[in-house]
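Going by TrEMBL, these are the annotated features:
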DOMAIN    42-290  domain 'G-protein coupled receptors family 1 profile'
TRANSMEM  25-50  transmembrane segment
TRANSMEM  62-82  transmembrane segment
TRANSMEM  102-125  transmembrane segment
TRANSMEM  145-164  transmembrane segment
TRANSMEM  199-229  transmembrane segment
TRANSMEM  241-261  transmembrane segment
TRANSMEM  273-292  transmembrane segment
Amino acid sequence: MDKGNVSSITELLILGFPDVTGYKAVTFFIVILILYILTLLINMMVIVLVSIRTQLHSPMYFFLQQLSIIESVFLTVIVPNMLHVVWLEGATISVTGCITQTYVYCAVGCTECHLLTVMAFDRYLAICNPLRYNTIMDTRLQRLLVIYCWVCGFLLTQVTLNFLCQLEFCGSHVIDHFFCDLVPFVELTCDKLALQLEILILSFPIIVIPFFLVIVSYIYVFVTIFGISSATGRKKTFSTCSSHLTVVTLYYGTLITIYMVPADGYTLTINKSIAFLYIVVTPLFNPIIYCLRNQEMRAVLEKLFSRRRKN
C-alpha cells in the first residue's frame, strides 16, 4: 500500500466478538453492563468509605482508595465503547479516537502497575520496619507516591502515543478485538517488527521492573513473617498483605500473558478472553478481595449494614 492510500485511512473497524450475534449479543451486552455498573458501585463504595471512616485513615487504605479510582477510570476508558461494539456487533472508530483510547488505556494501566508496587513497598515498611512505619509513610510521602504513579504512567506511555501517531497502516483496517489495544495494531502497521519491539521495550519499565520490585518487597516480607515465633503472629501479619498479594497475582498474571508472551503462542480468541478477564472481571474482584479478606474493612461494612437494618 502506498502512502497515499495509507494517509486516506481515517476509520478503523472493531470487530468485537464476531461469534456472539443475535440474542447472544444482547445477553452478553447485558452481562457486561451489569458487571460495569456493579464494579463502579463497589469501587465508589471503597472510595467513599475510606474518605469518611476514620478507622480507615491509614496509608494502606489510602492506596486502596487510589486503586479504586484508577480502576474506575480504567473501566470507563474501555467498557462504554465496548458496549457500543457488542450492541452493533462491530463498530467503526476514528484513527484518532482509537489511538487516544490506546494511549489513555496504557497510561492508566501503567499507573496501576506502579501503584501496586507502591502498595507492596507500603506492606514492606509496615511489616519489616513497624517502629519507623508511621514516621516514614506520612501523608506527604503518600501523596508524593501517588503523584509519582500518575505522572510516571502518562509520561512513559507518551512514547507509545508518539509511535502510534507515526504508524503507517498496510492492508486491512480491521481490528479483531473489542477495543483499541496495542497488540491488534501490530497486524495493521506496515512495520510490525518495530511496534513489537516497542511493546517489548516498554514492558520493562511498565511491567517487568515494577513486578520485580513487588517480588523483592515480598521476599523481605516473607522472611520477616517466617521469623515470627508464634503461629498466630505469623497468620495475623500475613493477613495484612494477603489481599494485595492476591490482586498482584491476578493483575500481573494476565498482563504478562497479554503483552510479554509471543502472540503466536495463542489465538486471538484466547487473547480476547484474557483481555476481557483483565479489563472487566479483575477490577470487580479487586475491591471484593480487599473487603472480604480485610478485617477492618469487613468491620466497617458490617457496622454500616447493621445500622441500615435498624433504621
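Each residue, glycine too, has its Cβ placed from N, Cα and C.
Within the same chain, the transmembrane segment (25-50) stays apart from the transmembrane segment (241-261): fewer than three Cβ pairs sit under 8 Å, each pair at least 6 residues apart.
Between the transmembrane segment (241-261) and the stretches 102-125, 145-164, 199-229, 273-292, Cβ pairs under 8 Å are most numerous for 273-292. With Cβ pairs under 8 Å as the measure, the transmembrane segment (145-164) is packed most heavily against 102-125, out of 102-125, 199-229, 273-292.
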